[in-house]
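Q: Take a look at the following structure, please.
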């Protein structure tokens, strides 16, 4: 038994030594995982990495390991980010034009005589609750409820590149786009609906924590396309809100200037009215000597 136990101890010691050598070797040169390919930088992964640079999301799950790769990343980011920002601005204007075209089309369709006859038909009369919702929607979009003018089929909106759409309409379209993406990602990945919403929100705000990233290369490229259009919609909404706030502040400053001018004018008029020929009772008026002499000469 003693010889057998000693041999077992020697075998165990040999196994521990071999294991220690393996751990040290693995720490110096890690072995790739079983599910990874031989080349980590595949074409699709490199494509997704470049998209995370230009969109400034930067998930961090793919990053260069060499100094040459890091230097190339810096140069690529300096050139790619401005180009992407210009592209986003053009996409925002394009989406604004498309939304305005749809908005004006449905507005003109609603104001046609045929649509008016259909609306006035007894069987398709709008219920009171729906009318209230429509009036509330008009108040939110335009600041007041507007009656439909059939005589003006052209509408009030011009199809241009200016970001003067209703804020509620732009936010509604952005939320619909996000919710559709959430449904798609719940099928693509083993994520819950909230996790998909969290991933889309973190990506479209260019925060990019990297805790949730699509794993399949094809899904990565679809994610890039989805996020490019999502960032364009986000930029459009930000521009619309910025235009509305700037217009509100401009009107408020103009009203403040007019009010201050009216107050200054009223104060000036009040001072001028007090000056001319107002003699208080109980005060004597002194007459100049010249007038006294002239009165004596006349006597």
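Each residue, glycine too, has its Cβ placed from N, Cα and C.
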Q: Between 123-144, 145-166, 167-188, which stretch does TrEMBL give the note transmembrane segment?
A: 167-188
Q: Determine how many residues of the domain 'Potassium channel' (173-245) DSSP places in helix, in strand and in coil.
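A: Tallied per class, the domain 'Potassium channel' (173-245) gives 57 helix, 0 strand, 16 coil.
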Q: Would you mind giving the whole-number mean pLDDT across the domain 'Potassium channel' (173-245)?
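A: When the pLDDT values over the domain 'Potassium channel' (173-245) are averaged, the result is 88.
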Q: Could you pull out which residues elsewhere in the chain have a CB under 8 Å from any CB of the transmembrane segment (167-188), counting only those six or more residues past its ends?
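A: Contacts with the transmembrane segment (167-188): 99, 103, 137, 140-141, 196-197, 199-201, 204, 214, 216, 219, 222, 226, 229-230, 233-234, 236-237, 240-241, 244.
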